[in-house]
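Single-structure report; data block below.
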Amino acid sequence: MSLQMVTVGNNIALIQPGFSLMNFDGQIFFFGQKGWPKRSCPTGVFHFDVKHNHLKLKPAVFSKDSCYLPPLRYPATCTFKGSLESEKHQYIIHGGKTPNNELSDKIYVMSVVCKNNKKVTFRCIEKDLVGDVPEGRYGHSIDVVYSRGKSMGVLFGGRSYIPSAQRTTEKWNSVADCLPHVFLVDFEFGCSTSYILPELQDGLSFHVSIARNDTIYILGGHSLANNIRPANLYRIRVDLPLGSPAVNCTVLPGGISVSSAILTQTSNDEFVIVGGYQLENQKRMICNIISFEDNKIEIREMETPDWTPDIKHSKIWFGSNMGNGTIFLGIPGDNKQAVSEAFYFYMLKCAEDDVNEDQKTFTNSQMSTEDPGDSTPFEDSEEFCFSAEANSFDGDDEFDTYNEDDEEDESETGYWITCCPTCDVDINTWVPFYSTELNKPAMIYCSHGDGHWVHAQCMDLAERTLIHLSEGSNKYYCNEHVEIARALQTPKRVPPLKKPPLKSLHKKGSGKILTPTKKSFLRRLFD
């Protein structure tokens, strides 16, 4: 194993925890940076060009018939072939966090439609699902199994926000383990079916998954409910006859306790596990070899690389599989220096350079790392300011004309919004305003019209009032709409109106004064 430091030539701020790397025929592409890619790179996908340990990010190009693909972080990704004999492979992307920290429940299929010396053109298609549709989540895994000439996607684990009905200000940002259901997804027809297996009792996230033919191996992971990293090793076998699929699970001995590990394939029957955490704030410095022989799995420790002092002393690390037995790692920069990068990056080669790329077909493990914001207290904000300019990318590649109006606007939802004309919550400088906030501003729901969320800070609510409002289910209105919805509010006390003076009427020959009421009565009487 060899470890080399990598310098980033441009836009180093794009590479943040939660990114994914995709390997198309030896060319590597970066996906999932924080912040919007607008103006700088409308696709959010970059060519990951590493030469002589120097990295350059170049915007990728999508075909005009592609759907919009947001820059998702911590999604589940895997390669997919229509059949075992097929040479062309695609990438399946499910779930992940959007730039507004909403959780996606969509499935995207990415494929290469054109490739030349200058650029690669992708096509991205969104797949609609019916049946038991898995909820939006992150930190899960998706793999593809092949049985009896057919293929099926297998989705498992992950975390999701607690249901809206259970959210209060104090736990608005809380996440929970997804139920330990196994989903079979037919990518051709868009059907999804959920299976409950008695061997899977607890929800898991940030585990390792390996797909081999008709079998998925689930290794390690983190149970948020129990805050443990059990030494799990599950074997999920999927049989695809003409009728209904058959799914069974077996608990195997010899598992390891790890979460957020990175998996890379070094040969047809051998994999390497690097990184991850063994405790909440303790990195796992041990590396393991996973080997398969006669449908038996064996896990053993291997010689670790010569970790640098910076890597040993850093409290968090993250990365992704580059393919070809190579892993890309990142650690936080040293903030004690006057000029310091946000992160330092390394390339770890676990195999020789002559590894055959065709042997990497079934490395469908989860490649994202555990969200430090959920597992460790060392990450600051969930967002950052994307300020790179289009001309800051090297290269003369031309890409399609981009029109922002054609893009879905997800800025209408989530925490990082301009909730009112006087909103002063800046995603780059925001700090907790109330003691109940974690890493996102607290919000209150305005019931006017179709409803919308506003920052509690912008409504000038005291923290005690904020907690009180979040406990009930009454209707509340933001400062902008409280006047419009006054009819639904408790009316203010208004002083009684002064009665206008009554007109005096004198009847001829009489000194009496008749009021209008008496006048009307007498008129009817005399008529």
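Glycine is treated like the rest: Cβ placed from N, Cα and C.
Per TrEMBL, the features are as follows:
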BINDING   C419, C423, H455, C458  Zn(2+) 1 binding site
BINDING   C446, H452, C478, H481  Zn(2+) 2 binding site
COMPBIAS  371-380  compositional bias 'Acidic residues'
DOMAIN    414-491  domain 'Recombination activating protein 2 PHD'
REGION    360-380  region 'Disordered'
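Projection of TrEMBL feature records onto the structure.
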{"residue": "C419", "record": "Zn(2+) 1 binding site", "CB count, 10 Å": "23"}
{"residue": "C423", "record": "Zn(2+) 1 binding site", "CB count, 10 Å": "14"}
{"residue": "C446", "record": "Zn(2+) 2 binding site", "CB count, 10 Å": "22"}
{"residue": "H452", "record": "Zn(2+) 2 binding site", "CB count, 10 Å": "18"}
{"residue": "H455", "record": "Zn(2+) 1 binding site", "CB count, 10 Å": "23"}
{"residue": "C458", "record": "Zn(2+) 1 binding site", "CB count, 10 Å": "22"}
{"residue": "C478", "record": "Zn(2+) 2 binding site", "CB count, 10 Å": "21"}
{"residue": "H481", "record": "Zn(2+) 2 binding site", "CB count, 10 Å": "17"}
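Across the structure, H455 (Zn(2+) 1 binding site) and C478 (Zn(2+) 2 binding site) place their CA atoms 9 angstrom apart. Distance from the CA of C423 (Zn(2+) 1 binding site) to the CA of C446 (Zn(2+) 2 binding site) is 15 Å. Ranked by CA distance from C423 (Zn(2+) 1 binding site), the binding-site residues H452, C478, H481 have C478 at the top as the closest. Residues C420, Y445, S447, H448, G449, G451, V454, Y477, E480 surround the recorded Zn(2+) 2 site, their Cβ atoms falling within 8 Å of the Cβ centroid of C446, H452, C478, H481, which are themselves excluded. Excluding C419, C423, H455, C458 themselves, the residues of that chain whose CB lies within 8 A of the CB mean position for the Zn(2+) 1 site are, in sequence, I417, T418, C420, T422, D424, V425, P441, V454, Q457, M459. In this structure the alpha carbons, written CA, of C478 (Zn(2+) 2 binding site) and C458 (Zn(2+) 1 binding site) are 9 Å apart.
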